[in-house]
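S.K.: Attaching a single structure in structure tokens format; questions to follow.
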Ligand SMILES: Nc1nc(=O)c2c([nH]1)NC[C@@H]1CN(c3ccc(C(=O)N[C@@H](CCC(=O)O)C(=O)O)cc3)C=[N+]21
């Protein structure tokens, strides 16, 4: 058996095209959706992602600004910059690129962002709003995964869903979204005993561990939908997922590739969240 490929790049393009109308409407009311990204330090991977976000926003006629700060920036300097951006009436989204240098406390930084501008959906109050069923901003990666499942008409209600990885930015919100749509959700982590026994039960398997190719075909239920959130760059410069594509695609019913899967969806959902933020001013 050979799995259907869920093309995140194509779906992202389609969603971008569908956003044009909403952007035009905002502009007709004098509002140009605007995002500011803060990048602290000079991690090369972060620089690539930040440029990619910036280019996408500019292509669609939105405002995008990138503030680059040196790696030795003090936490207080960063917090003061965020407080300044919080006050900017023409700014709808603020994103602090992660990971941050070790001397900076990530939660303190995230929780300084105005929750109404937290288009990542990482602020504790936005995490709480999602958990209690009334989300303000849905974190971009899990939001994009839900759009991918929707595009394939995959039945979530009653499905066995297994999420491997329990991070605040992907695993936990992913589990909540699947649960909200009626899946029975298991969240696995690095301490899980007999991971394969869990993954083999999954009708929908989402892998977000940051461990290259850790899920192999023998761990997958025949016909399952496999969503690979991993973006691991090898020494050869090639991107690898958290799922071993060659073996997994022999067993799965549908699978996302890396690159061209979840990554492009993450960026387009950032657009969606920024536009939604701007629309709340209408
Ligand atoms: N505050 C914050 N918000 C984030 O959303 C955030 C972050 N920090 N830190 C880093 C991760 C990672 N991330 C990606 C987004 C797009 C691709 C993407 O478009 N990937 C392309 C390939 C790009 C390449 O070649 O490297 C693809 O999968 O096809 C990847 C990774 C967002 N992140």
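Backbone N, Cα and C atoms are what each Cβ position is placed from, and that goes for glycine too.
Here the structure is a predicted model, which means the values were calculated and not measured.
Below are the features I grabbed from TrEMBL:
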DOMAIN    6-120  domain 'Tetrahydrofolate dehydrogenase/cyclohydrolase catalytic'
DOMAIN    139-280  domain 'Tetrahydrofolate dehydrogenase/cyclohydrolase NAD(P)-binding'
BINDING   165, 166, 167, 231  NADP(+) binding site
S.K.: Using a 10 Å cut-off, grab the number of neighbouring Cβ atoms around the Cβ of residue 166 (NADP(+) binding site), all chains included.
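M.R.: Result for residue 166 (NADP(+) binding site): 18 other Cβ atoms within 10 Å.
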S.K.: Please list the binding-site residues from 165, 166, 167, 231 whose Cβ falls under 6 Å of any atom in ligand 1.
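M.R.: Passing the 6 Å Cβ check against ligand 1: 231.
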S.K.: How many other Cβ atoms are found within 10 Å of the Cβ atom of residue 167 (NADP(+) binding site), counting all protein chains shown?
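M.R.: Within a 10 Å radius of the Cβ of residue 167 (NADP(+) binding site) lie 17 other Cβ atoms.
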S.K.: Enter the number of other CB atoms within 10 angstroms of the CB of residue 231 (NADP(+) binding site).
M.R.: 20
S.K.: What are the helix, strand and coil residue counts for the domain 'Tetrahydrofolate dehydrogenase/cyclohydrolase catalytic' (6-120) according to DSSP?
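M.R.: Reading the DSSP string over the domain 'Tetrahydrofolate dehydrogenase/cyclohydrolase catalytic' (6-120) gives 57 helix, 18 strand, 40 coil.
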S.K.: Can you work out the mean pLDDT of the predicted model over the domain 'Tetrahydrofolate dehydrogenase/cyclohydrolase NAD(P)-binding' (139-280)?
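M.R.: Mean pLDDT for the domain 'Tetrahydrofolate dehydrogenase/cyclohydrolase NAD(P)-binding' (139-280): 97.
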S.K.: Using Cβ atoms only, which residues of the same chain lie under 8 Å from residue 165 (NADP(+) binding site) while being at least 6 residues apart in sequence?
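M.R.: In sequence order, the residues whose Cβ lies under 8 Å from that of residue 165 (NADP(+) binding site) (at least 6 apart) are 171, 188, 189, 206, 207, 208, 209, 210, 229, 242.
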S.K.: Between the two most separated Cα atoms in 165, 166, 167, 231, the residues recorded as binding NADP(+), what distance in Å do you get?
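M.R.: Roughly 16 Å, rounded to the nearest whole number.
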